[in-house]
Amino acid sequence: MTFTLMGTPGLESQHLWLSVPFCSMFLAILIGNGSILFLLATEPTLHSQMYLLLALLMVADLISTLAVVPKLLCLFWFNNQDIAANACFTQMFFIHGSSVVRSALLVFMVFDYFVAICEPLRYNIILSHSLVGRLGLLALAKGVILILPMPLLLQRLTFCHAAIPHTYCDHMAMVKMACNHNRPHLIYGFFVILLVVGLDLLLIGFSYALILQAVVHLTLNTCSAHLFFILITYMPALFSSITHPIGHDISPHTHILLANLYLLLPSMLNPIIYGIKMKEIRVKCLCRGIA
């Protein structure tokens, strides 16, 4: 059986103009991703775990692009709408499979960020090169396991018409073309979307929440002493400066006391604040006290 790709129904007369941005994006994707992959492959200093995940992500992007754009340009340029059934099912597998792999790799990249921020000293131990390889295989297995049943099951259906209202062989568009018994296919398609988009987005959101919590905790733990010192340094000075022009009912001795506090209070609290908060100073003081 041969299917017919309709392109963009309603804009058939604009196909030639639409090909310009698609062709430009195609070249940009090929040149950009290809250049970065070449750099990552030839530069030994970029063989870290993070860049390996980035390289896998770019490979998935290239596969998805090569599965979509060449046939799309043939359709727009030469009105070549026909596509054989086997070619259509193959295109569907690579398009949707690479999308699932990309989504899984994005989750793993967030995990990489989490380890780098929250466990920087144990980064190479937790996220070894062998683990990155296994994560890449896991992403590939996820894409194959979830997407391979789609074209295999579609081959068993009877299609009422062969015109696909799309620029490529989309699973849901083809399921709707079936004459009957397409409900299980619709349910499975929604299940895959929910599992991939919903679950992966949930994992990414949860990971970023942990990263944000760790960053805020680290920032507050590192800067709290400095922030408190800034407050006790500038607040009395600001209050004193404001009360001079507008605080006519405030007694002179209050101004004087505030001025002295502005000068002396920060100096008095400075060693206490930093002595308590700075781990190195605290440890040295304890060691000297024990000695």
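Every residue, even glycine, has its Cβ placed from backbone N, Cα and C.
If you check TrEMBL, you get these features:
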DOMAIN    32-274  domain 'G-protein coupled receptors family 1 profile'
TRANSMEM  16-40  transmembrane segment
TRANSMEM  52-78  transmembrane segment
TRANSMEM  93-115  transmembrane segment
TRANSMEM  135-154  transmembrane segment
TRANSMEM  186-211  transmembrane segment
TRANSMEM  218-237  transmembrane segment
TRANSMEM  257-276  transmembrane segment
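Restricting the average to the domain 'G-protein coupled receptors family 1 profile' (32-274) gives a pLDDT of 84. Residues 96, 99-100, 103-104, 106-107, 110-111, 113-114, 117-118, 146-147, 149-150, 153, 171-172, 175 of the same chain lie 6 or more positions beyond the ends of the transmembrane segment (186-211) yet place their CB under 8 Å from a CB of it. The stretch from 16-40, 93-115, 135-154 that makes the most Cβ contacts under 8 Å with the transmembrane segment (52-78) is 16-40. Away from its own ends, the transmembrane segment (93-115) comes close to residues 49-50, 53-54, 56-57, 60-61, 63-64, 67-68, 122-123, 126-127, 135-136, 138-140, 142-144, 146-148, 150-151, 168-171, 192, 196-197, 200, 203-204, 207-208, 210-211, 214 of its chain (Cβ-Cβ under 8 Å, at least six residues beyond either end).
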